[in-house]
Amino acid sequence: MIDFLKQLPHLEPYGNPFYFIYLGIALLPIFIGLFFKKRFAIYECLVSITFIVLALTGTHASQILALLFYIVWQIIWVYSYKRYRSQRDNKWVFYLHSFLVVLPLILVKVEPTINGTQSLLNFLGISYLTFRAVGMIIEMRDGVLKEFTLGEFLRFMLFMPTFTSGPIDRFKRFNEDYQSIPNRDELLNMLEQAVKYIMLGFLYKFVLAQIFGSMLLPPLKAQALSQGGIFNLPTLGVMYVYGFDLFFDFAGYSMFALAVSNLMGIKSPINFDKPFISRDMKEFWNRWHMSLSFWFRDFVFMRLVIVLMRNKVFKNRNTTSNVAYIINMMVMGFWHGITWYYIAYGIFHGIGLVINDAWLRKKKTINKDRKKAGLKPLPENKWTKALGIFITFNTVMLSFLIFSGFLNDLWFTKK
């Protein structure tokens, strides 16, 4: 079986122009069908499965079996909880099912740390599929999601455009989108948007990301490592160049995913909205990797705040939110991987959000006192906005340097 799969051609998702040619040909009947208010569900399924399989062939062929196991595992526990939730509601049963749904991802993240090898359960896209499955469990607990068929579940989990790296969608939003076929005017607007996304994606991923990631970054890293020390000027260059490379590469991928989703009649959530013009850290997370940020906000941060307040863990509401910020972002760090720099990245952003909130509260108090004293509030103009953008941008770039793992090489790798 594995030998047969290895013989199949490998197509890296959004990796080269040929991928887009093959994908465009495959999507043409789908788009024409939508134009005449018809969905070819079986054909859509075949296209999704074909391109997912071709993304996992070659050296990745064993991942196809891992994906099959994973899907069966999720069907068992998602449907187990669906059946249970239709009759009863117990928080421990909810916690157990949530844990079981996340368990394959936990094993995938932990195994390399323990024995230095990749887990047999690992496959391209497991993190993002786990977000989808856990989101369904949580929405069933909330009563937002009650009924869905096996076909709808599989269509959501195996939606090809966003399979490998998001954006992260929610079942209810996705399914409503799928069931409501856009009219011709909407569809033409989606086509126009898709063309813009593809052009911007090519600029981001194949031009700008190549310049920053392939041309500028390697020599800067080499210079920084040769100089050594805690920090040096080339490391400062690495910080900015890596940050731009990360953005253009990931944002370019997201543009492609949005474009292909549009061509399949689905308006997937956007992931980036000019994050580098953010005036503070909270605004940054409302603009950067938005589908991930909003998922953690809704399903981790808000629920953690409710649990802490309900159990009166802290008397002060601000302390509660501060602790929730740090835990929320630390969990996000662990999701990226169990390394000190991913975890430090999460804690760094958690502390950044705490400081951000503290400043907003302090600013509110200062303005209130100034009003009582007959003074104008603290200035808010283009200069204060520029200062906020400057501070936030450099703070974010420093966090990306931590995230990159380069400091691990600079500080701990023997030369």
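Any Cβ shown, glycine's included, is placed from N, Cα and C.
Record features, source Swiss-Prot:
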ACT_SITE  HIS336  active site
INTRAMEM  150-179  intramembrane segment
INTRAMEM  275-311  intramembrane segment
TOPO_DOM  1-16  topological domain 'Extracellular'
TOPO_DOM  37-40  topological domain 'Cytoplasmic'
TOPO_DOM  57-60  topological domain 'Extracellular'
TOPO_DOM  116-125  topological domain 'Extracellular'
TOPO_DOM  143-149  topological domain 'Cytoplasmic'
TOPO_DOM  180-183  topological domain 'Cytoplasmic'
TOPO_DOM  228-232  topological domain 'Extracellular'
TOPO_DOM  265-274  topological domain 'Cytoplasmic'
TOPO_DOM  312-316  topological domain 'Cytoplasmic'
TOPO_DOM  374-381  topological domain 'Cytoplasmic'
TOPO_DOM  405-415  topological domain 'Extracellular'
TRANSMEM  17-36  transmembrane segment
TRANSMEM  41-56  transmembrane segment
TRANSMEM  61-87  transmembrane segment
TRANSMEM  91-115  transmembrane segment
TRANSMEM  126-142  transmembrane segment
TRANSMEM  184-227  transmembrane segment
TRANSMEM  233-264  transmembrane segment
TRANSMEM  317-336  transmembrane segment
TRANSMEM  340-373  transmembrane segment
TRANSMEM  382-404  transmembrane segment
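Touching of the transmembrane segment (126-142) and the transmembrane segment (61-87) is concluded from the presence of at least three CB pairs under 8 A, sequence neighbours closer than 6 excluded.
When Cβ-Cβ distances below 8 Å are used as the criterion, the transmembrane segment (340-373) is approached by residues 280-282, 285, 318, 321-322, 325-334, 395, 398-399, 402-405, 407-408 of the same chain, each at least six residues removed from its ends. Scored on C-beta pairs under 8 angstroms, the neighbour of the transmembrane segment (382-404) with the top count among 17-36, 61-87, 91-115, 184-227, 233-264 is 233-264.
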